[in-house]
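A.B. asks: Quick one: the structure is below, questions incoming.
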Amino acid sequence: MNSDGSQQNGRPGPHDGSNLNEVAGPPPVYDPSEQSVRLKDYLEHQPERSAQISPRDARNEPVGPDDVQSPDETLHEKHPKPGRISKFLQTTYIVSYLVLFSMVGTLLRVVIECLTFYPGTPVNTSVLWANVGGSTIMGFLSEDQELFHFESVKSSLPGHVRNDPPQRAAHIKAHRKTVPLFIGLTTGFCGSLTSFSTFMRDAYLALSNNPVVPAGSYDEVSLFASGSASLKSPNGGFSFMSILAVLFTEIGLSLAGLFLGAHLAVGLSPWTPSLPQVWLRKYVDPLSAILAWPLWILAICLVVLLPQAHGATTLWSPNIWRGPFLFSLVFAPIGCLSRFYLSLKLNSRIIGFPLGTFTVNIVGTMVFGMAYSVQHATVSTSPLTIGGITGCEVLEGIMDGFCGCLTTVSTWVLELSDLRRRHAYIYGSVSVAVALCFLVVEIGSLQWTQGLATPVCFR
């Protein structure tokens, strides 16, 4: 405690070598009276903590495949082969979890978009509830201290650390970031369930007075059709209010979901069990490696072998799921793995501005804008062009799969919560402004010259 009775700023904990802010950022709950483990720490402080870590604690810190270390690092010089095998297995499990959870998150996101797009819905931004759900799970995982608090970790805690909440939380986090399942749930599942590029598409459509509003009976509405002229706003002033509504709704509710998940983790901590470490290592981790790659190959084979019939294009018609959503599953792991490695390389470059997450969100939005423009171009209606049915489905797969998994809202709002207020506003404003400007250039140039047509595979 300081002389004025305030808490010391910061808590010791290993943070060197971990550039994934899903696992490096401090939990988002602020109130120490509710046993928050944040205690006024901020994301900007994470790179500074490496100097305070003992060599033994530092062993548990890295989370990337290039940084993962074996549990017995001191024996590497005498027994290099087991260390290399352990590192290889750790890398394999992490990548396998990312592949598997990216496909699960993508499929769940698309299903949620369809379920929440219905006549009379109070919110027309269909990706909203996927973003809120992913942010809630991210908040729970970032605050939780029980699920991955294994018995071996508990027994290794010194007495003074066990009785000091900040040091205990730092010790748990140091170990948690070496658990492949935790990385798969945060970076893989939450990052793929949420989509920054789709959120920015909704913001652009609101700004350009071209909203996709469900009209008619539920059996006839289509999430993929262009906006109806009869549902457009009278003038640009209403479009300004629309984009403000989209931005405040998406960002505000996603942040609310993050805090809700953190509060749930704190409230449920007395009843939250610890996962069995031996069971994870012997069965769950190998099972992920066994399932992930065949499932990805199966999705590719289904895309190639299934007939490309074209018929009804309502929300739940088989043609919608056979083509575009299968392509989404094919491209999803590529986007998730790209985000993972770019975050590892770039997030620590600028303190106070997570460059890795910013880069993937902007690049993913740019690719999304290009694919959206090509898919909705009125000149590409011939089956021989990229606007043919198969080409249209590929573009939808790139947008929902690759771009949806390359960009993320759950990590973004976690960073906004964990950064200092000034840095958070700068980071959030620049991310939204730059992404929206790219969409205005890419989609707007087509919309205001030729107009946007309903994609040929959804007519």
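In case you wondered, yes, glycine gets a Cβ from its N, Cα and C as well.
Under the heading compositional bias 'Polar residues', TrEMBL lists 1-10. Annotation source TrEMBL lists region 'Disordered' at 1-81. What TrEMBL records for 37-48 is compositional bias 'Basic and acidic residues'. Taken from TrEMBL, the feature transmembrane segment covers 94-112, 178-200, 240-266, 287-305, 325-344, 351-374, 424-441.
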A.B. asks: Short question: which residues 6 or more past the ends of the transmembrane segment (424-441) have a Cβ under 8 Å from it?
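C.D. replies: Counting only partners 6 or more residues beyond its ends, the transmembrane segment (424-441) has Cβ contacts under 8 Å with 196-197, 200-201, 203-204, 207-208, 247, 251, 352-354, 358, 361-362, 365-366, 368-369, 412, 415-417.
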A.B. asks: Which of 94-112, 240-266, 287-305 shares the most C-beta pairs under 8 angstroms with the transmembrane segment (178-200)?
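C.D. replies: Top-ranked stretch among 94-112, 240-266, 287-305: 94-112.
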A.B. asks: Taking pairs 6 or more apart in sequence, does the count of Cβ pairs under 8 Å between the transmembrane segment (325-344) and the transmembrane segment (94-112) hit 3 or more?
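C.D. replies: Answer yes: the transmembrane segment (325-344) meets the transmembrane segment (94-112) with 3 or more Cβ pairs below 8 Å.
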A.B. asks: Report the listed stretch (94-112, 240-266, 351-374) having the maximum count of Cβ pairs within less than 8 Å of the transmembrane segment (287-305).
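C.D. replies: Checked against 94-112, 240-266, 351-374; highest Cβ contact count belongs to 94-112.
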A.B. asks: Six or more residues beyond either end and a Cβ under 8 Å away: which residues meet both conditions relative to the transmembrane segment (240-266)?
C.D. replies: 27-29, 34-36, 123, 125, 128, 131-145, 194, 199, 202-203, 206-207, 209, 211, 233, 272, 409-410, 413-414, 416-417, 428, 432
